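**Student:** Feature table excerpt (Swiss-Prot):
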- N106: N-linked glycosylation site (CARBOHYD)
- N227: N-linked glycosylation site (CARBOHYD)
- N263: N-linked glycosylation site (CARBOHYD)
- N524: N-linked glycosylation site (CARBOHYD)
- 609-612: motif 'Prevents secretion from ER' (MOTIF)
- 1-20: signal peptide (SIGNAL)
Amino acid sequence: MNKQVIFGLLLACILVCISGQDEEDYQESPTVLIALLVRNKAHILPMFLSYLEQQDYPKERIAIWLRCDHSNDDSIELLRQWLDNSGDLYHSVSYEFKPEEQSFVNGTSPYEWPASRFKHLIALKEEAFQYGRDIWADYVFFLDADVLLTSKDSLKVLTRLQLPIVAPMLISESLYSNFWCGMTEDYYYRRTDEYKEIYHVKKQGSFPVPMVHTAVLVNMNHRAVRNLTFDRNKLVELQKSRQQEPLYDGPADDIIVFAISANSSGIPLHICNDITFGYILQPLEPGDTLDHDVQQLVNLKSIMVNELGAVPPLLDYYKHLEKKPEKSKLSLDRIFMINLKRRPERREKMERLFDEIGIEAEHFPAVDGKELSTERLLEMGVRFLPGYEDPYHHRAMTMGEIGCFLSHYNIWVMMVRKQLKEVLILEDDIRFEPYFRQNAVRILNQARNAAQYDLIYFGRKRLKEESEPAVENADNLVHAGYSYWTLGYVISLQGALKLLAAKPLDKLIPVDEFLPLMFDRHPNKTWTEAFPKRNLVAFSASPLLLYPIYYTGESGYISDTEDSQQISVETSEEGEARLKSDREQVFDHEQEFKLNPELKLGESLSKSHQEL
């Protein structure tokens, strides 16, 4: 073949390869103006600013527009510190602080929204919008200080979508987020099935919605963007000029006006859940206090540990401001967390959780089923309940299940030996519900006042067909029915004595089968007859206070009981197996916990009218 032909073919191949590469590799990143409005956010600013600065986006392509007024905390001082240390990293910074202004006219609380506050906020957002136009920014990112963008890719992912208006979906302690999937005719939040599908990432991508707020990226290169506004009067004038009917007659609320102005201009709003962008605090109500926001932050940190492995670190010059709650035993004698020596990552994660939510727990070494043998069990005097087989697998006990039982058994023995009156036993693969500490103490007080108890489930898997009557004179306790899992439970000294008196090592079965036998709610009558004295008084928190981190089939799920070696006994033929860690039989309504009535977060409505 001719050398020129060969050279031509090679050149063509090279050009094809180059043209196939992402165009963005040869272009500057879009310029972004980040508009920040701050008021009384000193408790969250170190996290907010740290995660903002840690964005993997060229800072020379970012301009900052920052305003802070009407604050009576250290917000301005923290912002000045950030600008002194990091301001020069950005293309430009426009800021204005007004320390002399500390409250709004007719405002009785920092969390109240009088008309004067709305008017002021709208004027500032309009000013930020115009500033973005003046500096020819490609995007304006309106970002509230209640947002924690823990993903370093947030800004990069959002700008690459090239949508006219898009918001990153943010996670809260509840179902609250920064978007609506439905809006009523009078401009209030409307519940939809799609909302939960997006929030729980049952479907993934970018979806058109009628409302986004709190963290909103606007593409300034979109032609119709010039018509966007936060001002109700400007919106009405725009509608009149276009002869649009009906004219907007809703509240002078910045986020609602913005959404309607986008709709009037034919600009779609999108919410994106492609990645876990970060987290959001729910807006507070006039009667709330700073403690409510601080507790929300504790809850979000707990979620971060579960989802990210740890709370992302602060900037070095803010680390001295990091605060953790004082640790508590929840009015109990001891709290134990059972953990296998060969699972140090679980122990580390749980200890981070205890640090973040303020739990004084002790590590309790688990008995490892991998280190057990038939000979060792005989030496210990362990015998198995004749005829036992797993209800769903139709198999004998596994060494992992034996180790699990012995771990719990050892704590019961210790309780009796040390005369511990009340103990909380936790496993190492759990997540705590929001306000765990407050609600745990509340439930314990209810149990103590209502009746003498032996055991209280904090987390379990109950069966749907079980009837569970409420405990008299208790708001959040039921008489426990047949349940799986021993994720977390409180046991009294009297309860430990009853369990040990049954001599369970003489007729061993898994611990989560043994407990229902002892409070006489087990459906297998043959096994029940093996334990004649079944007088354990067992309650359950309702709703539950903790759940598993993972369920069967989910990424990250590991079982040290179900997947271990079985003991050698005959069982019946196999039927259809269902793992005890299957999500299917967990009650959906138990996910919505009744919060401490003093907190009132569960029944409040946000500034944006979104139901929780």
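From the backbone N, Cα and C atoms, a Cβ is placed for every residue, glycine too.
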**Student:** Would you report the average pLDDT that the model assigns to the motif 'Prevents secretion from ER' (609-612)?
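**Tutor:** Averaged over the motif 'Prevents secretion from ER' (609-612), per-residue pLDDT gives 40.
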**Student:** Can you give me the Cα-Cα distance between N227 (N-linked glycosylation site) and N263 (N-linked glycosylation site) in Å, rounded to a whole number?
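**Tutor:** Rounded to a whole number, the Cα-Cα distance is 11 Å.
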**Student:** Between the Cα atoms of N524 (N-linked glycosylation site) and N263 (N-linked glycosylation site), find the distance and write it as a whole number of Å.
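**Tutor:** Here the two Cα atoms are 61 Å apart.
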**Student:** At a 10 Å cut-off from the C-beta of N263 (N-linked glycosylation site), count the other C-beta atoms across all protein chains.
**Tutor:** 15
**Student:** For a quick check of packing: other C-beta atoms within 10 Å of the C-beta of N227 (N-linked glycosylation site), how many?
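**Tutor:** That number is 17.
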